[in-house]
Amino acid sequence: MGTSSRPTTVKEGKKLEPPRRAGNHAAVQRSPVDKPPFTLGDIRKAIPPHCFHRSVIKSFSYLLHDLAIAAGLLYFALVVIPALPGVLRLVAWPFYWAAQGCFLFGVWIIAHECGHHAFSGHALLDDTLGLVLHSWLLAPYFSWKYTHQRHHSNTSSQERDEVFVPRFKSDLPWYSPYVYKYNNPVARLLLLVVQLTVGWPMYLVFNTWGRQYPRFASHFDPSGPIYKGRERVFIAISDIGMLAVSLALYWLAEGYGFWWVVRVYGVPLLVVNAWLVVVTYLHHTHRAIPHYDSSEWDWLRGALATVDRDYGFLNRVFHNITDTHVLHHLFPAIPHYHAVEATKAIRPVLGEYYQFDPTPVVKAIWREAKECIYIQSEDHKGIFWYSNKF
């Protein structure tokens, strides 16, 4: 890892200087931090008008497509795998877990679109469907919807962003030098495993890796500091949805056994949660993108401080949330089936403000976990960049 060269970052079709290896003093070619020479209105004018149109029929067609595949995979797990010889069963179960987890993450993304009202534009339909789908995947729909909307409103704001808020060097936990200063790959791998397996539940329950609040904050607490006013009623509704699905899983475990539920539902859900952490982490963690404090932050520069990634064929399985995320932060109500076209339309307008990194996902996770440890100010007070130097 420490001796391999780094892939280039691509902006607007041009190869940039590749980011240097960890420990090397040369900087990546970073996003501009000056106020952009264009406005949100300029970007919007570049997008074909039909891209803003939300079709209930088309949105449901994608959802039904994903649900049909998930149902087919469930049949494979319940009927086909038990009939296979022992050795083939050992191969078939991991295949089922990986495939089901990927397609259920596609369902998760459609529920996420409901939260942005990109599914239909009808609030009641979107919220009802989003509540059902996210509850089924043990995600508190309204609780996450509200914090996610604030994330969109405050992206890369050091004081007000809601998720993967980077730390300053002085705020790192005590064990950080043992992991990063001495380049300990085993410890780094262990931290990644923890983040990918329990990172999402820890964020929901304890607000880990989230915005700092003056007291204990949890996505399940209607009276907590995260929420206010009429939001609190909907947090309780989300909790009820989670409780209903949890009871259903308990009854299934009573009828079919605990390990049956783990094999059929639990492991694919772990895959869903891992993808959620990976996708969010890689969109907002890169040495080429800045973070701002209140003296420098504004909405447009914050929204542009994210990175599109390439997940290969999984881009389509994940409804292109992976490679159109910059657009998503600018216009979150554009449905996913127009996002690729709209992204192509805005790239000439954004120019160097658009970031795309084609680094393979596994390599990117390892690289960012090695290089993006804390943020520090350099040339401009109030503008921060990732570093890993101790």
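Here the Cβ of each residue, glycine as well, is placed from N, Cα and C on the backbone.
Note that the coordinates shown come from a computational prediction; the quantities given were computed from them, not determined experimentally.
Features of the protein shown, as given by TrEMBL:
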- 9-20: compositional bias 'Basic and acidic residues' (COMPBIAS)
- 29-73: domain 'Fatty acid desaturase N-terminal' (DOMAIN)
- 92-354: domain 'Fatty acid desaturase' (DOMAIN)
- 1-36: region 'Disordered' (REGION)
- 62-84: transmembrane segment (TRANSMEM)
- 90-111: transmembrane segment (TRANSMEM)
- 186-206: transmembrane segment (TRANSMEM)
- 233-252: transmembrane segment (TRANSMEM)
- 258-282: transmembrane segment (TRANSMEM)
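Listed as Cβ neighbours of the transmembrane segment (186-206) (distance under 8 Å, sequence separation of 6 or more from its ends, same chain) are residues 139-140, 143-144, 163, 175, 178-180, 218-220, 270, 273-274, 276-278, 281, 365-366, 369-370. The stretch in closest packing with the transmembrane segment (258-282), judged by the count of Cβ pairs under 8 Å and taken from 62-84, 90-111, 233-252, is 90-111. For the transmembrane segment (233-252), the residues of the chain that approach it from at least six positions outside its boundaries are 131-132, 134-136, 138, 140-144, 146, 219-222, 227, 260-261, 265, judged by C-beta separation under 8 angstroms. DSSP labels the residues of the domain 'Fatty acid desaturase N-terminal' (29-73) in these numbers: 29 helix, 0 strand, 16 coil.
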